[in-house]
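To start, I am sharing the structure in question, which I have written as structure tokens.
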Amino acid sequence: MSDIEQRVKKIVTEQLGANEADVKNTSSFVDDLGADSLDTVELVMALEEEFDCEIPDEEAEKITTVQQAIDYVNAHVK
Amino acid sequence: MLSGQIALVTGASRGIGAAVALELGKQGATVIGTATTASGAEQISVALQQGGVKGEGVALDVNNAAQVEEVLKAIGEKHGTVSILVNNAGITRDTLLMRMSEDDWDAVMSTNLKSVFRLSQAVLRPMMKARQGRIISISSVVGHMGNAGQANYAAAKAGMSGFTKSLAREVGSRGITVNCVAPGFIDTDMTRALSEDQRNGLVQLVPVGRFGDVQDIAAAVAFLASPAAGYITGETLHVNGGMYMA
């Protein structure tokens, strides 16, 4: 598992209070991990903090799974 | 009752804000009071110290977004994150609408309403993390009754109520409550500016038969800030001696 993948999963686990085992790359925040709209906002804010970046709203809307979050960070964070 | 809490009270150098700051401190909170000037901030520090309250005054112009961010950061580093926000800072620019300038409108909207948006947003993130928080905005009976000569002030105060209800819905699940306290006629510099005749006329409208004291408002704010009020959110608590009953 890459470093970024690990960090993203750690944040998702903490932020959504999920079991580590349930947080898979394919997991959807809302459908699989039980996030509500406020959770997803908090999650994006936590990712911004962790990776020291700003995720615009229109991009944030498209991040709905763990893999999409990893892909976003890989593509946008140096 | 509030020990371990960090309270931020805007406009705390005099009037209702000063009383609220002292009362929250007496209940055990660490209090940071803001004033627009350095001398006002110093005055707050002295008042808190004389009242035996932990905390200090800081200079803050609630219309300055960058300064809000700076001050919140400094408070976080020095005292910890804010868990009780009291939006009290406010101004009046009274005049009949026929004569109201756009500046009169904008100044009141910015200081009284936009500041509520700005400060609330600034404290929300740590409150969400902590899964607790209290946001209390001081509105006015005028926001519910209307008042000739105060279209700008009444609009801003009524706006607080809609803001409060919306934010209460957004963050209720995170243990954060959002409420307003709406004072009636309170004996402060703002109402002492009225003539004796005006004041006597106004008292006739109040069933309790007197102007309110700043302490009447401070007590209501302290209640909403307390754990006892955890199931009250999106509400406006009217403290007006019965002159207006919602």
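Note that Cβ sites are derived from N, Cα and C of the backbone, with glycine treated the same way.
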Among B:Thr30, B:Thr36, which residue does TrEMBL annotate as binding NADP(+) together with B:Gly11, B:Ala12, B:Ser13, B:Arg14, B:Asn88, B:Tyr153, B:Ala154, B:Ala155, B:Ala156, B:Lys157, B:Ile186?
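TrEMBL lists B:Gly11, B:Ala12, B:Ser13, B:Arg14, B:Asn88, B:Tyr153, B:Ala154, B:Ala155, B:Ala156, B:Lys157, B:Ile186 binding NADP(+), and from B:Thr30, B:Thr36 it also lists B:Thr36.
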Does DSSP put B:Ala155 (NADP(+) binding site) in a helix, in a strand, or in coil?
helix
Check the Cα-Cα distances from B:Tyr153 (active site, proton acceptor) to the binding-site residues B:Gly11, B:Ser13, B:Thr36 and tell me which is shortest.
B:Gly11
Could you give the maximum C-alpha to C-alpha distance in Å for the residues B:Gly11, B:Ala12, B:Ser13, B:Arg14, B:Thr36, B:Asn88, B:Tyr153, B:Ala154, B:Ala155, B:Ala156, B:Lys157, B:Ile186 that bind NADP(+) per the record?
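The span, Cα to Cα at its widest, is 25 Å.
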Identify, in sequence order, the residues in the chain of B:Ala155 (NADP(+) binding site) that are 6 or more apart from it along the sequence and have a CB within less than 8 Å of its CB; answer 'none' if there are none.
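In sequence order, the residues whose Cβ lies under 8 Å from that of B:Ala155 (NADP(+) binding site) (at least 6 apart) are B:Met109, B:Gly143.
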On a count of neighbouring CB atoms within 10 A, which of the binding-site residues B:Gly11, B:Ser13, B:Thr36 is highest?
B:Gly11
Have a look around B:Tyr153 (active site, proton acceptor) and count the other CB atoms within 10 A of its CB, chains all included.
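Around the Cβ of B:Tyr153 (active site, proton acceptor), 24 other Cβ atoms lie within 10 Å.
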Does B:Lys157 (NADP(+) binding site) have same-chain partners at least 6 apart in sequence with Cβ under 8 Å from its own Cβ, and which are they?
B:Asn112, B:Ser139, B:Ser140, B:Val142, B:Gly143, B:Ala182
